[in-house]
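Visitor: Take this structure, written in structure tokens, and hold onto it; I'll ask about it next.
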């Protein structure tokens, strides 16, 4: 069990690591050769030029201005200077609202920390309950609720603070929800024209033996949305073509590399091996080999394009349907299209950058089966991850390690080694075990069939949060408490075990303190250093870059990584709210994390990250909901803990808190969540009216038509074959169907050159 000395060693290691990372960053970011690594966003915006373009040769690589090195922390105030409105314009609403999660942490935990240390810490410290008990403990545990004697009247202080902390947290969440909702509506109202504002994704289009998907979509929307339908783009299964394009790009990169190598040393032709990773197989001329491979792929690419154009099976039962106005799109996206609720399913189309094209080709009927399979797989992933979590907890238990490897006992018992094992090793081991998890969860979300990158990230974030809650939080508490108190459990009566567990749970705060320092202090400092992108950029720059465009592609600005970063933040909310009343000593460590991370990620969002998409803060309801879940969990855990401390009479008082918190959640959901799910028709009409007045001659159809063409077709000479356009905007038409039961639809389809009877003929025919 970690002591204050162990925590001190861990703090020293992590603070030293963080300072080292910050100093390395402060030095490396000043070097001209690294400018594109630490300020890539400004290069992509065209607002910054490489400092290596002029000056002496040495100055192209090294900053010789000694005065600049004295301003080691100048990046911090610079990161805080940009106003929020300018930040939204610069980085988007998603990035600005993401930063508000850290601000919420500061707003919630700063007052809670002060109150906890002023009121609860003295109440806990002025007892000797643990000192006279047989439970293993440290000096830190004397600051926790475990040090209060059974049945003590001092629990009134904890009950009071539980109410104060709950109401303060709810007040902050209410204010933030209101602010973010207004920010979203203001952003949508002020935002420039975007294709997704006029477009709806239609899925599960029913098959028709007489009409193709394109004809069927056009006919359906001309009939059911005659005043608003504008154009549509059917969805092609271009996954194989996409793989070929990526493979060709990879081969082209290798060809560029070997050509550059040959230019540098023309006396020797470069060679490579044809086997796996270029390490096996026969040796061939590298330039000739990759040239032939590119030619082969190009032939396959042409064949695949022709197959897509000619084969009706390449068209999947889905389409992007665009409307003449935002109002028309909102009506379609937010209403049921037919009496059968399982077909012609409509939803707002993701913005073009946000579309995850691979999943659009998955038949809609398969999605339920896929999600069931992933749910089962996720359950077993959670179940089997208990094994490494138990291993991590064993590292915090010196006695367990000594029993496993008795010959290392003299080494382990050394003061410095023991402090390192108990204070630092468990946190870093847990961090290592979690490295691959976000990638696994993202893969599982992709298998589920979600059609946008933003929804994939939100679903992965949900899975990651569930995993952290059950494995990292509950798993660490239960496994750790059981391991540490095993001897005590075996030598006491069964009715005393719940009480021992109740006393032991608060003691796991020391483990979470080490984790917060490893992940939240040193980890955040490592984020700003960007060591991996730095190495990759210089390798690409040395071996592959020939032009300025190549250099731009070598930059890797990355993104926030909402799927992994947001659940980790939520873990800190959970720890802070659970231990605020139980073990307040944890709170300052969490407070440091929120403050430090806010500054670091603000700097990264301003200078580095390039967000792949813009969802207008659609993730906020999930953020708010998870904080409320953490609040309710903290209330139930406190309820269970007090029941083991002889304070059963407090149960009715504490039961009020989860009920009130749940109704607060329902109020927020009903009051503010619609702003994140639906688009108000009033706002849509207002924006449409303003745009028509300002740009009466704007060609909306030409603007929307290429927006949702699959990326592998964009820029291709056959672009027009994948789009649907014929009628001039403003001309209202009806499509002639090929169905035998509906031959009387006026005006021919653009897909069908045959004549259709005119409207008067139809009317006369119907009268007969």
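Each Cβ is built from the backbone N, Cα and C atoms, and glycine gets one as well.
Where the annotation comes from TrEMBL, it is an automatic prediction and has not been curated.
These came from TrEMBL, pasted as-is:
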type	residues	note
COMPBIAS	719-730	compositional bias 'Acidic residues'
COMPBIAS	743-757	compositional bias 'Polar residues'
DOMAIN	7-176	domain 'CSC1/OSCA1-like N-terminal transmembrane'
DOMAIN	197-359	domain 'CSC1/OSCA1-like cytosolic'
DOMAIN	370-642	domain 'CSC1/OSCA1-like 7TM region'
REGION	719-768	region 'Disordered'
TRANSMEM	12-30	transmembrane segment
TRANSMEM	101-123	transmembrane segment
TRANSMEM	155-174	transmembrane segment
TRANSMEM	372-396	transmembrane segment
TRANSMEM	416-443	transmembrane segment
TRANSMEM	464-483	transmembrane segment
TRANSMEM	571-601	transmembrane segment
TRANSMEM	622-641	transmembrane segment
TRANSMEM	647-665	transmembrane segment
Visitor: Is the transmembrane segment (12-30) in contact with the transmembrane segment (101-123), using three or more Cβ pairs under 8 angstroms as the rule and ignoring pairs under 6 apart in sequence?
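Guide: No, these stretches are not in contact.
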Visitor: Using a Cβ cut-off under 8 Å, which residues of the same chain at least 6 positions beyond either end of the transmembrane segment (622-641) come close to it?
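Guide: Sequence-distant neighbours of the transmembrane segment (622-641): 101, 104, 145, 158, 162, 166, 169-170, 173, 176-177, 458, 461-462, 465, 469, 502, 505-506, 566, 570, 573-574, 577-578, 580-582, 650-651, 654-655, 657-658, 661-662, 664-665, 668-669.
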Visitor: Which stretch from 12-30, 155-174, 571-601 shares the most C-beta pairs under 8 Å with the transmembrane segment (647-665)?
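Guide: Out of the listed stretches, 155-174 contacts the transmembrane segment (647-665) most.
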Visitor: Below 8 angstroms Cβ to Cβ, which residues of this chain, lying six or more residues outside the transmembrane segment (155-174), approach it?
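Guide: Contacts of the transmembrane segment (155-174) (Cβ under 8 Å, skipping residues fewer than 6 from its ends): 104, 107-108, 111-112, 115-116, 119-120, 123, 145, 148, 577, 580-581, 624, 627-628, 631, 635, 638, 642, 645, 647, 650, 653-654, 657, 660-661, 664, 668.
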